[in-house]
């Protein structure tokens, strides 16, 4: 029987994919040491057990627009996260997106997946990969992923889109098309919730140039889910992130000093407020601090779409929100500079 160290050694000749480590680890009650979190991060020790957090659930079909705006604004100020139901994206579009993503990870040969892998050492985020950024002490998340942009057309590079399954492109383009209307409504509500005109926040964010970056997270079964994390605690760099998970529990939010599981609602859209909306709002809306746990027996997957500025776009507090009594809390800077500072853990 292989030891955890043996598993690591087996994979030293290539980039170690978590999916491969998981299949080698199946018969063991341990995992390689680089996946074992420090005690103050381990889910078993830090999760408030027996309580599932009911984050605000908002009906996007509510005929009372003022009520809906208030609910979205309040959730964004107090929680930084909410779930949308009756959002207008058909269940079939979500099912198709999830079906082709699952097929890519579970049925496409590994050699074919590696054809669209990120180049090691490249600054390009798109492609199939494993670790997104260097963590302190060399720790790793129990997750493989695929990144590619789905909108606008000028930003899309099909080199990073899987050719198999054959319906992958159609399913992702349809989901991206359906999502744009939802994005417009969220931005309008966030804008009105700050006392601005409905169009002002999305215009400050870049309007039609906002980039939709899709990520598929694949968290295989983990022999020690009590010790590992799928994704370490963080806030998103995006304006907002819109996510659909599969049915396996995993998303946790930090609130009132505790980590809580977030209740799964089938086909709801989970919306995270990201760093850039916190900046645009001058701190009125809060970027949500969250992480992902893993499961011993089941594969968890999620499909976040990060709504981001183009790299050269400057983001800062919206001037209309500023006054002597409310000076800017954030610097205005190009998004690429913000990303560089955050990934390298430099002050903003």
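Every residue gets a Cβ built from N, Cα and C, even glycine.
Keep in mind the model is a prediction, meaning the values are calculated, not measured.
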Which single residue out of 199, 290, 313 does Swiss-Prot record at the Fe cation site shared with 234, 236?
290
Near residue 236 (Fe cation binding site), which residues of its chain come within a Cβ-Cβ distance under 8 Å, counting only those 6 or more away in sequence?
272, 274, 275, 287, 288, 306
I need the most crowded of these binding-site residues: 234, 290. Count other C-beta atoms within 10 angstroms of each C-beta and give me the top one.
290
Please list the DSSP helix, strand and coil residue counts for the domain 'Fe2OG dioxygenase' (209-309).
7 helix, 46 strand, 48 coil
I need the neighbours of the Fe cation site defined by 234, 236, 290. Which other residues of that chain put their C-beta within 8 angstroms of the C-beta centroid, in sequence order?
231, 233, 235, 241, 272, 274, 287, 288, 289, 291
